[in-house]
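Engineer: Pasting in a structure now, in structure tokens, and then I'll have a few things to ask.
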């Protein structure tokens, strides 16, 4: 029933059952018995047996590479004639014989030879284990996908509809994932043994049903290419059988098949690795699988486009019929299928292909489709120094302008054989000088600008190459031993949009962004087809097509071409003859044959390097590299080493490639800076208290705040250290104080000098005065002035005043008496005013008011919250009399500024479009009245159209124009401006918006206890919200600030404030040189353009249109590197481009009123009434969130709850609700201090206590989160500084007083001096 494999030990245990009998002993014959009916077992038993067998298989796989010693020693050699074995053991004799031979292989000494590893067997075992946990899902009778049991759940893709084909799993209910294509459900416990173990999907190679799967850089490739609809949900396993993911779908990616999968890890966390072009591999119901009738027409007959009649379809057998069929069905939606059918010719027997994957086959069909067109030769201005008609002429070079990749169109076809079939990458199909189509292998195709380019891919006429910047481009190839090259002028300049890293290497990150690139995956849609027109004749030497022997001439016509030349015989006039058959002969006497040309039978692309040809589209061939919007991976530079020094952030490291460093302040003035850094670097960035945002490359922004101002010195030390500290902490206050003190000191010194001078003269006068003034007595009287101490008791002060100063005593007592009189006067007048309320009506009104107060059902809490999501949350403890406290937290979740915008126009890269020159040979031509009818302009939106007629061109030119007149030749040159083909991609298009008013919205989270309520507030009104028994009234927001100006520009994922020109006022080379408002980005019907086109007179060396124009204004604007709002927006706003929003701007505030019902409060039975509060600060570090620790002890009279919070502004305390017990209580809490000295008032219930302490400086002055404590505005002066300043001011004041008294005394004495007259 199950395949059985055993290890060596298991085989030895069962050896008596299989070993032969003793030598010479004949085994008794046992007749063949009928196999008895095996008992029916349940699903659980089957699952248990299957798991046991799987375990044995894994043991065999694990022991495959190990050698074991046979303990039984050497076994005897078996005879060549094998005995009949009893087949009752359920094993075939041949299989058993094979196993015995494997067991008998030994080396010398009885050691078994080491067998070789068998990784293929391990893979088969792992796939087999995955099958046991995989169940098909049926929908309308067909398998639509699969479900897999992994771990404790069953998984299947969400797009797989139907029921699981298992009785226990058919009716389970799945839960759909929100962000990925996955469903999961719990399965019955009885099936736990069948579940596979999960493993983590990493880069590497894994197994699935059809072969191997390679995972690399979030790209999953199916190496087998055999995935198909109906395989969605199949398991992806590693070699041990553990499931790492399930398949969702797939699609072609060039020549590969790329998958979309769901990957798991060991913890069963799922992630989706999606491919944008993948198709879900679910099988539709049988009813939808009916073949659709896809009708193409030919000769009024309808047929399936993918299966035309092979007698008429093959382009190699019947080229005229095939081309006519393609022409008749150009507008059919299934033209692509018809093109593949007529060029691949499915009826013919083909060689066995090397690769059978759908992507490889599809790529081969794309190359073979070029059989519907022919290569061509065109003018090249520089063929190694001279102009020529080249088979690899460069006809078109296209660049997005934002990267180095170029798309080059040449006249030859890459990857195509001479007959138009698919060939190797080095093959090149070209048109030779003889007018025949050739193919060359090993062409050594080279593309070069200033250096050699990397050729990424070459398909048909188009080459995709990554080139360095330059002013010209060269394409070179070796064709049949001859080296050809063509150089043309093309300014290749990369103008990158705003980017943060310039990495050219492999990206190891998972970060992606939208980008524009050339698609390398052909698709069956109109943008992937290009028109071809009638082939133009090329001039050839007459000897290549006509060979004459006397009068007999033979024309050699290459297959599928037309030969045309001028013939003049002796007896006939000159005539133009045409030949279309393979070979023809004519007779002409003295033939003069000139102007030979060959025209290909199949059409080719229109070229501006050739004259204008036919206007009718003959067919369409694949256009391999149209632009598309894709998801590109970007690099993420390693973060630098970040250290803090004083109030600065230091960045140090080494950047291997240029990385952009941007900074901005989070306040009103952003002061944005940006700098490209490469190599070793060390940058110092100052940090402000408002905060700073630092963005390194493509990493997430980092935010830093200055917790306190950095200052050296010590705030609690000697005067010189105090001076150093305060001059750095608050230099304006410190130096002002020093200046005032020095000024006062100078004045005091001057006064002291003057007083000393006066005293000297007074002493001299006293010496000669017999009655000197009472100077000594007056000076002594100053010392008798009574003093008073502020700490004396109040009654002692009153007694002193009564004794020494009756007036002062009266004034001291007058103040309280006056207060009593004022209060009495107010009460008396209040009684007169309220006399009517003292009766029955007054008492009734009083009772009603008291009843209303008692029936109040809610408690109102009001607060104003700053609108900054980066700010710390607001925390408070609600203390309501008679109730236990409640903790309230309010936090701003996000803010949104949404402007009202109007799209004025969009602009993109402008390109000129050139009509091939219309040459009038020996005649005159003129511009049409309606220039839009010119064939190059049809199907495209054009503006700034210029058309000029040039005379006297190409005199006697024998080239492509075929003009033989000297002066009558004229040419019409037409050039217009149009939008680039990249304009259809959102990331390459700039949109000009006018901004009107803005609406500001914020979401505030209110947490009361364990209940969280979200409230949306607005700038233009009050919001009323209800939570769980809460009523919240919030708003309006106090500001309508918006970072957007009146005019903004959006391009890609960035937004710019830019004053763009109005619609219709663009100028060449500036932003808005090409404008449109239509949503049809390929062909807008309201296109305005002015790119400075000027049509010039063509030179006579070749047929061409000469013109000049100005480079795209958008690219020039991007070259100026404007800074987007994501770098310059104030208040730390995050800018969203689509939709246009400003998020998380830290500006404004919102008032809130919260009505809390009585039901939220718990009534107190007893009031704890804390008393005898004492606070001891255990440690304190200022400038740090909750850097201080305090211990509060108190006595509780009753058991209950008390809220603890701070009453000091700017010093937050960790609010909490504490349990109070009767007796001694201790509470440990933390607080934040912005200053070196802190005095904190803490309230516990209704009791207050003061905590005071000196704090140490913080270790770091820069923090990564916004500080909770208040910012220091510059008014802080430490205690020691105040004491020293007070001492200095007091000393100076005393000195001034002494000097003033001395001056007055001396002045008085000198007024009574005597004159001393010398004899």
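In case you wondered, yes, glycine gets a Cβ from its N, Cα and C as well.
Copied straight from Swiss-Prot:
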DISULFID  296-305  disulfide bond
DISULFID  380-486  disulfide bond
DISULFID  453-467  disulfide bond
DISULFID  515-632  disulfide bond
DISULFID  908-983  disulfide bond
DISULFID  921-963  disulfide bond
DISULFID  922-965  disulfide bond
DISULFID  927-947  disulfide bond
DISULFID  1133-1145  disulfide bond
DISULFID  1175-1251  disulfide bond
DISULFID  1180-1255  disulfide bond
DISULFID  1202-1245  disulfide bond
DOMAIN    133-281  domain 'Peptidase S3'
LIPID     1309  S-stearoyl cysteine
REGION    202-212  region 'Dimerization of the capsid protein'
REGION    238-242  region 'Dimerization of the capsid protein'
REGION    759-783  region 'Transient transmembrane before p62-6K protein processing'
TOPO_DOM  755-791  topological domain 'Cytoplasmic'
TOPO_DOM  828-832  topological domain 'Cytoplasmic'
TOPO_DOM  1307-1319  topological domain 'Cytoplasmic'
Engineer: May I ask for the residues of the chain that lie six or more residues beyond the region 'Dimerization of the capsid protein' (202-212) and have a Cβ under 8 Å from a Cβ within it?
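Structural biologist: The answer is 123, 126-127, 130, 222-224, 226-227, 231, 234-239, 244-245, 247.
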Engineer: Is any of the disulfide-bonded residues 467, 515, 908, 1145 within 10 Å of residue 927 (disulfide bond) (Cα-Cα), and if so, which, in sequence order?
Structural biologist: none
Engineer: On the 0 to 100 pLDDT scale, where does the topological domain 'Cytoplasmic' (755-791) sit on average?
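Structural biologist: Summing pLDDT over the topological domain 'Cytoplasmic' (755-791) and dividing by its length gives 51.
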Engineer: Which has the fewest other Cβ atoms within 10 Å: 453, 486, 922, 1133, 1251, the disulfide-bonded residues listed?
Structural biologist: 922
Engineer: Calculate the distance in Å between the alpha carbons (Cα) of residue 1133 (disulfide bond) and residue 1245 (disulfide bond), and round it to a whole number.
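Structural biologist: If we compare the Cα positions of residue 1133 (disulfide bond) and residue 1245 (disulfide bond), the gap is 41 Å.
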Engineer: Quick one: DSSP breakdown of the domain 'Peptidase S3' (133-281) into helix, strand and coil?
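Structural biologist: So the counts come to 6 helix, 71 strand, 72 coil.
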Engineer: Could you measure between residue 515 (disulfide bond) and residue 486 (disulfide bond) for me? Cα positions, answer in whole angstrom.
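Structural biologist: Spelling it out, the Cα of residue 515 (disulfide bond) and the Cα of residue 486 (disulfide bond) are 31 Å apart.
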Engineer: If I take the alpha carbons of residue 1180 (disulfide bond) and residue 453 (disulfide bond), what is the distance between them in whole Å?
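Structural biologist: One finds 66 Å between the Cα atoms of these residues.
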Engineer: Rounded to an integer, what is the Cα-Cα distance in Å between residue 1245 (disulfide bond) and residue 908 (disulfide bond)?
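Structural biologist: Approximately 68 Å lies between the Cα of residue 1245 (disulfide bond) and that of residue 908 (disulfide bond).
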Engineer: Find, for the listed disulfide-bonded residues 380, 467, 921, 1145, the residue with the lowest Cβ contact count at a 10 Å cut-off, counting only other Cβ atoms.
Structural biologist: 921
Engineer: I want to verify one value. Collapsing DSSP to three states, which class is residue 453 (disulfide bond)?
Structural biologist: coil
Engineer: Which of the listed disulfide-bonded residues (305, 515, 947, 983, 1245) has the least company, meaning the fewest other Cβ atoms within 10 Å of its Cβ?
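Structural biologist: Ranked by other Cβ atoms within 10 Å, the disulfide-bonded residues 305, 515, 947, 983, 1245 bottom out at 947.
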Engineer: Going by Cα-Cα distance, pick out whichever of the disulfide-bonded residues 296, 947, 1251 is nearest to residue 1202 (disulfide bond).
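Structural biologist: Of the disulfide-bonded residues 296, 947, 1251, 1251 has its Cα closest to that of residue 1202 (disulfide bond).
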